[in-house]
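Pulled from Swiss-Prot, these are the features on record:
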- CYS110-CYS123: disulfide bond (DISULFID)
- CYS198-CYS231: disulfide bond (DISULFID)
- CYS214-CYS243: disulfide bond (DISULFID)
- CYS342-CYS355: disulfide bond (DISULFID)
- CYS419-CYS453: disulfide bond (DISULFID)
- CYS434-CYS465: disulfide bond (DISULFID)
- 108-245: domain 'MRH 1' (DOMAIN)
- 340-467: domain 'MRH 2' (DOMAIN)
- 1-27: signal peptide (SIGNAL)
Amino acid sequence: MRRSDRLRCAGASLLVVLCGVFRSSFGGRTLPALSDDIPFRLKWPGPDFTLPTAGIPYKEDNYIIMTTADKEKYKCLLPLMANGNEEQDGEYKGPSPGALLEPLFKLSSCSYRIESYWTYEVCHGKYIRQYHEEKETGQKLSIQEYYLGKMMKKSTTEAGENQEEKESAESPKEIYTKNIEGQMTPYYPVEMINGTPCSLKQNQPRSSTVMYICHPESKHEILSVAEVTTCEYEVVILTPLLCNHPKYRFRTSPINDIFCQSMPGSPLRPQSLVKLEHQKEEIKSPLKPNKEEEQQLLREKFSTIHKPVTVGSQQQVTVGTTHISRLTDEQLIKEFLSGSYCFHGGVGWWKYEFCYGKYVHQYHEDKDTGKTTVVVGTWKADEHQEWAKKNLARAYMTTPDGVQTVKTVSHFYGGGDVCEVSEQPRQVIVKLKCKESESPHAVTVYMLEPQTCQYILGVESPVICKILDTADENGLLSIPN
């Protein structure tokens, strides 16, 4: 087939058929253009078939004749394709995206993203700040900060709003898109310039592009912060305000069904396809496990799925995402705070174990030599309280509606095994952070080593959201009322 005749399918069935095609001939007058951005799915209804009257439209003369490597012939009826953008194609006469975001800019609202070391502050329509707070001796607070960009004053005035409306009315502005989790998503860019000078770029000011994307249930959260080139950043913000503009709404592409009817002398489905699907079923259907294997499968539900990530500019050590079983939140919180439920993470040679209020271990398991364990840090309440007098154990943030909440707590675990390099005991700061997620029982664990044998362990989970506000002045947590 020619390149323009290729179809993208939802699944492997169509690919198998097309790979076995020798030739195709077209029925009707004109074959519609096919796009790789639109998904298709093959169906095999047989010779007696009535086209659907609802949904995606079809025409009797809109078909191609497909011939497989086994000389089987099929008449494949093609849809008049839908791409999910029908509403977007209509004329829109509402406010421009800039005007829709104007209330957010005028509110003097700020959003925050807390990572293991850095905190990112986006004050919409004003500036982006990256900072780290640390208490020094004598309770003096030390702040390391960089401005990643500032908004020019004219950009958020009524003049700027009128300019956006003028562009919308006279010549609609190009809609930019970004690949977010595998989906091309429309966004509205806001440029921030004149940030803190960058020593790596001859003291040129830092700059950022803030990408606002539609999310109906969001509260202007920061989805991600990335340094795309040296001292140039991209910040993705979720906001419900853009959802009022049809061209910025997220849409999933509908699957377009292609109905292939067998022609005289051909089976209902291609023989090669039937054979392949049979092989796939054999692979997917293992022997029924015995009782011991079933128990092992249950234990594996508590296992950790590991994957590497990059966190800020710090040296990456490990990361793990644990999917906790469906225990009740109350039971899970009690087990977590008692230290009886521990989190595991890590990739490569070393793995990590964190038990709240007990210890942080680094270990390696070998079938021949057994388990090797290094104590990274051990909990001692008095040592943590002394540490908390000089460091920030409980950090706050103000939500867009003006409510002050705890954003993160930090705990000190010292007295670990002696480090061969520094000849000092290992120690680790454990940072617990609320993380909103569609999966209420998902936990992300990552470890950094900003200095030799001095670690930062990050633990983020929706479960932690329920207990952060119980933190006392030392950052210690308790079971909520």
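Indices start at 1 and increase along the chain as displayed.
Note: Cβ is positioned from N, Cα and C throughout, glycine not excepted.
Annotated features taken from Swiss-Prot, shown on the structure.
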residue : record         : CB count, 10 Å
CYS110  : disulfide bond : 18
CYS123  : disulfide bond : 16
CYS198  : disulfide bond : 17
CYS231  : disulfide bond : 20
CYS342  : disulfide bond : 16
CYS355  : disulfide bond : 16
CYS419  : disulfide bond : 15
CYS434  : disulfide bond : 21
CYS453  : disulfide bond : 20
CYS465  : disulfide bond : 17
Within a 10 Å radius of its Cβ, which of these disulfide-bonded residues (CYS214, CYS243) has the fewest neighbouring Cβ atoms?
CYS243
Considering Cα atoms only, can you say which of CYS110, CYS198, CYS214, CYS355, CYS434 is the nearest neighbour of CYS453 (disulfide bond) among these disulfide-bonded residues?
CYS355
Check the Cα-Cα distances from CYS355 (disulfide bond) to the disulfide-bonded residues CYS123, CYS231, CYS419, CYS434 and tell me which is shortest.
CYS434
Between CYS110 (disulfide bond) and CYS342 (disulfide bond), what is the CA-CA distance rounded to a whole number of Å?
34
Sort CYS342 (disulfide bond) into helix, strand or coil using the DSSP assignment.
coil
Taking only the Cα atoms, work out how far CYS198 (disulfide bond) lies from CYS123 (disulfide bond), in Å, as a whole number.
21
Length of the line joining the Cα atoms of CYS243 (disulfide bond) and CYS419 (disulfide bond), in Å:
53
Here's one to test understanding: among the disulfide-bonded residues CYS214, CYS231, CYS342, CYS434, whose C-alpha is closest in space to the C-alpha of CYS419 (disulfide bond)?
CYS342
To the nearest Å, how far is the Cα of CYS231 (disulfide bond) from the Cα of CYS123 (disulfide bond)?
19
Looking at the disulfide-bonded residues CYS342, CYS434, CYS465, which has the shortest Cα distance to CYS123 (disulfide bond)?
CYS434
